[in-house]
Amino acid sequence: MANDSKIVPVPVLRRMPAYLSFVKTLQKQGEKYVSSTRIAEYMEIDATQVTKDLSHTGISGKTRVGYEVDNFVEILDDFLGFNKMNNAFLVGAGSLGGALLQDKGLRNFGLNIQKAFDVDKSKIGTKINDVEIFHIDQFRGMPTECNVAIGIITVPADCAQAVADLMVAWGIKAIWNFTPARIKVPAHIAVQNSTIYTNLAILFNKLHGQE
Ligand SMILES: NC(=O)c1ccc[n+]([C@@H]2O[C@H](COP(=O)([O-])OP(=O)(O)OC[C@H]3O[C@@H](n4cnc5c(N)ncnc54)[C@H](O)[C@@H]3O)[C@@H](O)[C@H]2O)c1
């Protein structure tokens, strides 16, 4: 049975895309059912953890056979919001911003970067992967006009707060912040900070911890 609360613990949400990816692989191989034990073995975690995590989604399995693969993929895609397109604006079309604009995979996860913004005159009016780059001065009014609630920040860290303030002032409701700056926003704005460098520090620590 689905858990009534819509707030799902972050560690659960971090595991779910891996469950989905695994079951999608099985789907491609033509498998019809998957058990929580099989998912647990793949994830190297306890099967009760898998069942508990999936109870948030409303997916129900059958005794002995497990979860029906097609149904699992459909429900989890829906639960994670990957099958509904969310439009976003990206600010800072530099090397990281450009790479995100090039990444066609984001659309598979429900994120469509509709427009990009920058201050570099040589970039204004150009396109990366069909996404036009506008001057940041044109940002105001655009989120409401284009029905865009998500802002992606890929500017140098010292400009991140000013960009976040601009986004909030013009109706952005959720910010995906790739800069190392810790931006301050009103409590109703959702912020997710993402950095590959933290993962690198963890990897280095694991590597050198074994020496
Ligand atoms: N999260 C991660 O894993 C990760 C990885 C790489 C870089 N970063 C961070 O991402 C940010 C961008 O890095 P990069 O290597 O792409 O830098 P970059 O210099 O290549 O790109 C930055 C872009 O922002 C533009 N810009 C500067 N000020 C602006 C403003 N006020 N408004 C709009 N655009 C503005 C610049 O013209 C440039 O195009 C940095 O903060 C960096 O630390 C994070």
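Using N, Cα and C of the backbone, Cβ positions are placed for all residues, glycine too.
Through the fold, the DNA-binding region (18-57) approaches residues 1-3, 8, 12, 65-70, 72-73, 75-77, 79-80, 82 of its own chain, all at least 6 residues removed from its boundaries and within a Cβ separation under 8 Å. Residues or ranges marked as DNA-binding region by TrEMBL: 18-57.
Residues or ranges marked as domain 'CoA-binding' in TrEMBL: 81-182.
According to TrEMBL, the feature NAD(+) binding site maps to Gly92, Ala93, Gly94, Ser95, Leu96, Gly97. DSSP assigns Ser95 (NAD(+) binding site) to a helical segment in the three-state reduction.
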Neighbours of Gly92, Ala93, Gly94, Ser95, Leu96, Gly97 excl. site residues, C-beta within 8 Å of centre, NAD(+):
Leu90, Gly98, Ala99, Leu100, Asp118, Thr154, Val155
How many helix, strand and coil residues does the DNA-binding region (18-57) contain under DSSP?
27 helix, 2 strand, 11 coil
Identify, in sequence order, the residues in the chain of Leu96 (NAD(+) binding site) that are 6 or more apart from it along the sequence and have a CB within less than 8 Å of its CB; answer 'none' if there are none.
Thr154, Phe178
Of Gly92, Gly94, Gly97, the binding-site residues given in the record, which has the fewest other CB atoms within 10 A of its CB?
Gly94
